[in-house]
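Here's what TrEMBL has on this protein:
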{"type": "DOMAIN", "residues": "A:57-263", "note": "domain 'ABC transmembrane type-1'"}
{"type": "TRANSMEM", "residues": "A:9-31", "note": "transmembrane segment"}
{"type": "TRANSMEM", "residues": "A:51-80", "note": "transmembrane segment"}
{"type": "TRANSMEM", "residues": "A:92-117", "note": "transmembrane segment"}
{"type": "TRANSMEM", "residues": "A:137-164", "note": "transmembrane segment"}
{"type": "TRANSMEM", "residues": "A:201-221", "note": "transmembrane segment"}
{"type": "TRANSMEM", "residues": "A:242-263", "note": "transmembrane segment"}
Amino acid sequence: MIEGARRGLIAAGLLAPAALVFAILFVWPQLGLFLQSLGGPPTFSRFLGDSYYLGVLGNSLLLGVCVTLVTLVLGFPLAFLLARAETRWAGLLLLLTTFPLWVSAVVRSFAWMVLFFRSGVASRFLQGTGLVAPDFQLIGTFAGVVIALAQVLLPIMIVTLYAVIRGVDRDLEHAAMNLGASPAVALWLVTLRLARGGVLAGSLLVFSLSVSAFATPSLIGGARAHFMAVTIYEQTLELLDWPFAAAIAAILLVISLSVALTYGKLLGEKTR
Amino acid sequence: MTNSADLVLDGLARRYGSTTAVARMDLTVAAGELVALLGPSGCGKTTTLRMVAGFIEPSEGRILLRGKDITTMPAHQRDTGMVFQSYALFPHLSVAENIAFGLKRRGVPKPEIAQRVARMVALLQLQGLEARLPKQLSGGQQQRVAVGRALVINPAVVLLDEPFSNLDALLREGTRIELRRLQTELGLTTLFVTHDQAEAMAISDRIAVMNKGRLEQLGTPREVYERPATRFVASFIGRANIFVSRDGRSEDGIPLDGPEGTLVLRPERVTLDEAPAEGPNAVAGTVDLLSFLGTGTQAVLRLPGGRQLLVEGPASLADRFHTGGPATARWMRDDLVALPAE
Ligand SMILES: Nc1ncnc2c1ncn2[C@@H]1O[C@H](COP(=O)(O)OP(=O)(O)O)[C@@H](O)[C@H]1O
Ligand SMILES: [Mg+2]
């Protein structure tokens, strides 16, 4: 009994600093934000009743899904190879993949802009394939934003997946192959099943960072960047409608949180 | 013997950079035979087994399974059933699903899968545990699931990598007897890796003794024990007193009546008495240690030259002699077994 109480105290003590910081720097401002959104004319109904704003929300969610899928598809093979590489260099290679994170979002976006303008290499390449109009440019397009965001978020996906795949015993893949599964089937039935937690965690991180991203969408998306964070910025600094900006922020938070909770539940089910 | 060779290793070798994990190994396992790969840790047993399974590419040599060259065949197309040292059970699949895994990959019809899994479950006494996950099983149960998963596919050769090393002593002995019974009943061609010589002696048809990547001797348990081919085999399989005999004397001056060269004298061949040592094959010394083993007594006799002579005798040795007291060791001419010249 006393032992249990002591343990509870220790746990509370260990949690207290983080909880305090979280409460002061996150919960309290968020509450303030929420209260602010209630001041003045109805804001939530304005957002939810306006097809333009719903479109912005849809755009942001679609962006999140696209970036998550792109980073997952590109990141998994790389993370798998790094995790299974029998070389001392694997750690260094992993470090190399995180380089995009070391460069400021503004600098990185400017670099992408150079490539994405009508005369830029990336746009030129697409014009060359004949799949797009001759005057096509990636700048200002949804695809351009997805590419630029995927580049910076890919390392987060890779690092998350790498850690989880490393944790899957290689002999499990061997056992599957020994029992007649081709390497691809072994990967699907064993490694991917066991790395599911990592896939979900990586997706969650990338998704939430994508839907709330500001710098890359506004720089690459330009005037047509109808995304949540950009809209919040406009409402706050250009239109000075703080209650409405606060409402959009609250809606974004609720959406992100519900995605997080759903993912969390899926994660929980995995460890039955 | 008209037994066909099921598994043939032909000059099989594996190098890692400058280290040789397995050096040009020749080994034949007959149909229905259990061969143990025996040797100390790091001698290349696992590497050999994994080359057969197809997880490690040989640097040299060939592997034939039922007459077919499988050296370059991908692992999943080879017909081998492996039991891993750590079992490698799929943690997200139930016992029944683990056992059914190989059958599913082979496209066996569902009713037959259920039937064969049930038979394996019964054979390995896993009834009632079918729906459990591996982590909900004891070590011994996990081991049986691993065996069942490998056997249910009727592989051309069963590969076992130290399958008992994670079991406690009591369970280990029972399990290895069970496995041997199963292996003989089903007529399974088996390659079995162990570092435990008692285990290898107990259940193998033949033992392949390995040292530093090299196959030192291949023979029945009695052959490797009674006629060891090398000094290493003599001291690794059982215990041995080793003399180098020249002109009727050992290197430390003990008079020997036997062949010349390197000689092996097994401890159980040595008798102890109180009479003075006279003539060859007898030497007096001081009892350094007497340990009662239940089935007998083990004695260590310190000889004037500094050698510690190992002796194993009846339990009564402990009554007749005492630590620090004198004793004379004796043996017969036939007890001195010469090693082939190296
Ligand atoms: N991937 C590897 N890289 C380098 N050396 C290895 C590798 N795998 C095994 N070895 C070496 O090969 C030798 C044999 O290893 P192993 O077959 O695992 O021995 P055993 O199973 O008999 O204990 C050891 O010296 C080990 O260090
Ligand atoms: Mg080993």
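The backbone N, Cα and C atoms fix where each Cβ goes, glycine too.
Contact count against the transmembrane segment (A:51-80) (Cβ pairs under 8 Å) is highest for A:137-164, out of A:9-31, A:92-117, A:137-164, A:201-221. Sequence-distant contacts of the transmembrane segment (A:137-164) (same chain, six or more residues past either end, CB-CB distance under 8 Å): 59, 62-63, 66-67, 70-72, 74-76, 78-80, 82-83, 94, 97-101, 105, 108-109, 112-113, 115-118, 120, 122-123, 126, 195, 197-199, 201-203, 205-206, 209-210, 213, 216-217, 220-225, 227. Counting same-chain residues at least six beyond the ends of the transmembrane segment (A:242-263), those with a Cβ under 8 angstroms from any Cβ of the stretch are 30, 33-34, 36-41, 43-44, 46-48, 53, 57, 60-61, 200-201, 203-204, 207-208, 211-212, 228-229, 231-232, 235-236.
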